[in-house]
Amino acid sequence: AMGKTAIDETSTDGEFKRTESSFRSWISSKEGCDIPAVADRYHLYISYACPWASRCFATLKLKGLDHAIGVTSTKPKWERTKEGESHFGWTFPSSDNEEPGAQPDPINDAKTVRELYDIANPNYTGKYTVPVLWDKAKKTIVNNESSDIIRMLNSEFNHLAKRPDFDLYPRDLQAKIDEVNAWVYDSINNGVYRCGFATKQKPYEEAFEALFNALDRCEDILSKQRYLCGNVFTEADLRLFKTLIRFDEVSSGVFFFLAFSRSFIQIHYLCQVYVVHFKCNKKLIREYPNLFNFVKDVYQMDGISDTVRMDHIKKHYYGSHPSINPYGVIPVGSVIDYSTPHDRHKFNT
């Protein structure tokens, strides 16, 4: 089957509609389960450029599971995945020093993420996305849905975790987290893509309005408490953070189309910074005092900064589509220092 990308998910009315992930098995810590939570059995494939993949890596870091689950990052810039085809996607470097931060695949020796999907299911016809949580024992993809993966890493590996008590989905807040996740996902995490991938004015403007209404809502919530669901850090905060950290630097989530016919669109879209190329240009995150301090607060948590690589983010968004940015020049942008002091401790009294 010809490879698909997110671009193929724009409907005839010009609206971007993301399809569901297709590998949804569950790793469990329960006795005798089919896919047990054991050390050295699973491998996480990510791209630092991808917000969905890097939130899985961040969860792994926060829980202290790096010793039990290996991680490999692709190169940031999409490349051709198969000779004679127009599909561009995630690829692995051929050596450790080809691309700082990216590694060759140590498990399957795959050259592309697409190959992992072909090994897992030779008849697969969906998108070749990261994250991929790989089962070395069964030689297949356990799960490629980031929201599932962060829950498994949070709850099923506590007997191996260096920080088992660190709970991103505490029982007493689960209903609240689910509620916040729903509107944050729709209007912000996916909202930047709904702005950027829109091919008509109306769906773009609707997504734009929803995005900035939701950012205002977050700003208001964070004026009263340290985090989205109270004064404890949860997965809702991590999911928001991974979009916000890309907003000003990589301008926001909006992708820019210069193509008119469907066949053309496949490789002719621009994965650029959210504010600039996702056309999410009403305000910058640093213009929201609470959101900006929140981003610094999360960035400074142990392990989080290791999962943020602006060089990969920029290279991906500005370099993955030569037909639109033919010279591949990466904007210099402003340097935002997320390690400077923030004011979020005031809520802990």
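FYI, residue positions are counted from 1 along the chain as it appears here.
Quick reminder: no glycine exception, Cβ is built from N, Cα and C everywhere.
Bear in mind that the values here come from a model prediction, so they are computed numbers and not experimental data.
The active site, nucleophile feature in TrEMBL is assigned to Cys50. Taken from TrEMBL, the feature active site, proton donor/acceptor applies to Tyr193. The annotation glutathione binding site is assigned in TrEMBL to Trp90, Lys127, Tyr128, Thr129, Val130, Glu145, Ser146. Positions annotated as domain 'GST C-terminal' by TrEMBL: 170-317. If you look up TrEMBL, you'll see Tyr274, Tyr317 marked as site 'Lowers pKa of active site Cys'.
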* Structure fact -> From Cys50, Tyr193, Tyr274, Tyr317 (recorded positions), the ones whose CA sits within 10 A of Glu145 (glutathione binding site) are none
* Shortest C-alpha distance to Tyr128 (glutathione binding site) - which of the recorded positions Cys50, Tyr193, Tyr274, Tyr317 -> Cys50
* Structure fact -> Val130 (glutathione binding site) to Cys50 (active site, nucleophile), Cα to Cα, whole Å, comes out at 7
* For the domain 'GST C-terminal' (170-317), jot down how many residues DSSP puts in helix, in strand and in coil. => 89 helix, 6 strand, 53 coil
* Given the recorded positions Cys50, Thr129, Ser146, which lie within 10 A of Tyr274 (site 'Lowers pKa of active site Cys') by CA-CA distance? -> none
* Asked: Out of Cys50, Trp90, Lys127, Thr129, which of these recorded positions is nearest Tyr317 (site 'Lowers pKa of active site Cys') by C-alpha distance?
  -> Cys50
* Asked: What mean pLDDT score does the domain 'GST C-terminal' (170-317) have in the model?
  -> 84
* Sequence gap of 6 or more, C-beta under 8 Å: which same-chain residues meet both conditions with respect to Ser146 (glutathione binding site)? -> Trp52, Ala53, Arg55, Cys56, Pro131
* **Thr129 (glutathione binding site) and Cys50 (active site, nucleophile), Cα-Cα, nearest whole angstrom** => 9
* Let me know the largest Cα to Cα distance in Å among the glutathione-binding residues Trp90, Lys127, Tyr128, Thr129, Val130, Glu145, Ser146, as an integer. => 16
* **Between the residue listed as 'active site, proton donor/acceptor' and Trp90 (glutathione binding site): CA-CA distance (Å)** => 18
* Structure fact -> Taking only the CA atoms, the spacing between Tyr193 (active site, proton donor/acceptor) and Thr129 (glutathione binding site), expressed in whole angstrom, is 15
